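Quick paste from Swiss-Prot:
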type	residues	note
BINDING	C46, H67, E68	Zn(2+) 1 binding site
BINDING	H47, V198, A199, L200, S201, R202, G203, S295, L296, L297, E320, E321, A322	NAD(+) binding site
BINDING	H67	substrate binding site
BINDING	C101, C104, C112	Zn(2+) 2 binding site
Amino acid sequence: MGSTLPTTYKRAFFEKQDATLTLEEVQLIEPQRGEILVKVEACGVCHSDHFAQMNLMGGGFPRVPGHEVVGRVAAVGDGETYWKIGDRTGAGWHGGHDGTCGACKKGLFQMCDNEQVNGITRDGGYAEYVLIRSEAAVRIPDHVNAAKYAPMLCAGVTVFNSIRQMNIPVGETVVIQGLGGLGHLALQYANRFGYRVVALSRGAQKEEFARKLGAHVYIDTSKEDPVAALQKLGGAALIVSTAPSPELINPLIEGLGVLGKLLILSIVGGIEVHTGLLVSERRIAIHRTNSIVRSLLTNSKVGKGKSIWSWPSGHATDSEEAIAFAELQGIDCLVEEFPLEKCNEAFGRSSSTTADRERVFLADFTGLTTTAAMMDGSVRFRAVITME
């Protein structure tokens with residue numbers, strides 16, 4: 001490696017399952033063939049970083065989390081021809097692919113049978129330096145703010161890519177459930193895509209904020225029935241679930257119109273789906289026998305063709321397109337910055353459930369005052385760890 005690089009660097013890692021993050025200084029490792037070494041400028045904190053803490057994907061320990069990385073190439077592995085020292089680059093959830101499986105042959109690299117995941121199965125960006133697979137690295141414009149664009153590599157590309165993959169015609173009604181890290185970006189992307197955007201959340205205090213982000217309609221679920229409200233609008237062509245609320249899944253299905261799609265992007269855990277709601281034109285009676293949910297259809301009419309979808313983030317090109325679209329359309333990711341030394345505080349933001357820990361300052365965004373923007377409830381934005 002070049003003489004300008006340090007011999008050691010700081011990183012935050014999980015030593016064992018369910019542990020807090022530990023800071024340490026370790027030897028800098030040279031990139032191998034197919035890898036680039038990146039000096040980290042910023043790394044977003046995502047709820048999925050808990051997968052590393054709990055070893056849910058078998059990545060093992062010790063593990064450095066973080067898959068929303070922006071930085072610059074500091075060194076390249078042997079034979080590297082695409083990336084050069086000094087290039088602005090980044091890393092998202094997708095950390096590498098084999099290029100030979102069925103998904104890869106279709107260009108769906110983030111669905112690779114042998115996919116690597118940054119910060120989960122390989123070390124991530126809670127560090128001053130990180131090794132990234134060359135084929136999974138994302139080209140980042142030189143002029144963009146690292147902290148604001150780091151979350152685009154997961155939250156941003158997830159909502160951008162999944163919504164566009166649903167192939168909803170322009171002008172249709174698209175509902176965004178939840179106003180957190182994913183939801184506040186989904187509102188903006190859906191608005192710029194040309195949809196009639198409906199924000200679905202609890203609390204009247206969030207309406208102004210939702211409309212500033214691009215919602216044309218706001219439904220306060222604490223005051224009105226979301227199903228009735230959505231059906232009054234003609235039913236949704238697409239509902240994007242960005243908040244983990246299992247009890248809302250079936251009501252959301254009822255809020256869909258003909259051929260409507262429910263896109264689940266949040267981690268909701270185990271849910272029971274009333275399948276009759278997907279095919280029946282009326283409410284159905286649900287009976288439970290031996291823990292098996294059985295749907296009794298109340299009529300024999302042809303169903304409405306409703307469906308439930310998911311979409312796994314995106315690969316490097318998807319991320320580059322999400323960033324380019326965000327720049328073109330003025331989409332803004334709202335973040336709260338932390339130094340690496342406060343990594344545990346930043347990590348706590350991704351799982352906090354109390355109002356105090358979910359408050360962030362948004363005084364400079366769209367004219368909202370600090371008081372109005374420090375909203376109680378389930379509004380949650382992106383914590384970002386920044387390096388000196």
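Cβ atoms are placed via backbone N, Cα and C, with glycine included.
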Say you check the Cα of E320 (NAD(+) binding site) against those of the binding-site residues H67, C104, C112; which is nearest?
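Closest by Cα distance to E320 (NAD(+) binding site) among the binding-site residues H67, C104, C112: H67.
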Measuring CA to CA, name the entry from the binding-site residues C46, H67, E68, C112 that ends up nearest A322 (NAD(+) binding site).
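Given the candidates C46, H67, E68, C112, the nearest one is E68.
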Quick one: what's DSSP say for C104 (Zn(2+) 2 binding site), helix, strand or coil?
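For C104 (Zn(2+) 2 binding site) - judged by DSSP and reduced to three states - the answer is helix.
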Among the binding-site residues listed here (C46, C101, C112, A199, A322), identify the one with the smallest other-Cβ count within 10 Å.
C101
To the nearest whole angstrom, what is the C-alpha distance linking H47 (NAD(+) binding site) and H67 (Zn(2+) 1 binding site)?
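Spelling it out, the Cα of H47 (NAD(+) binding site) and the Cα of H67 (Zn(2+) 1 binding site) are 11 Å apart.
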Given the binding-site residues C46, H67, E68, C104, C112, which one's Cα is the least distant from that of G203 (NAD(+) binding site)?
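Of the binding-site residues C46, H67, E68, C104, C112, C46 has its Cα closest to that of G203 (NAD(+) binding site).
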Any idea which of the binding-site residues H47, H67 has the thinnest Cβ neighbourhood at 10 Å?
H47
Using C-alpha positions only, work out which of the binding-site residues C101, C104, A199, S201 is nearest to H67 (Zn(2+) 1 binding site).
C104
List only the single closest residue to C112 (Zn(2+) 2 binding site), chosen from the binding-site residues C46, E68, A199, S201 by CA-CA distance.
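Out of the listed candidates, the nearest Cα belongs to E68.
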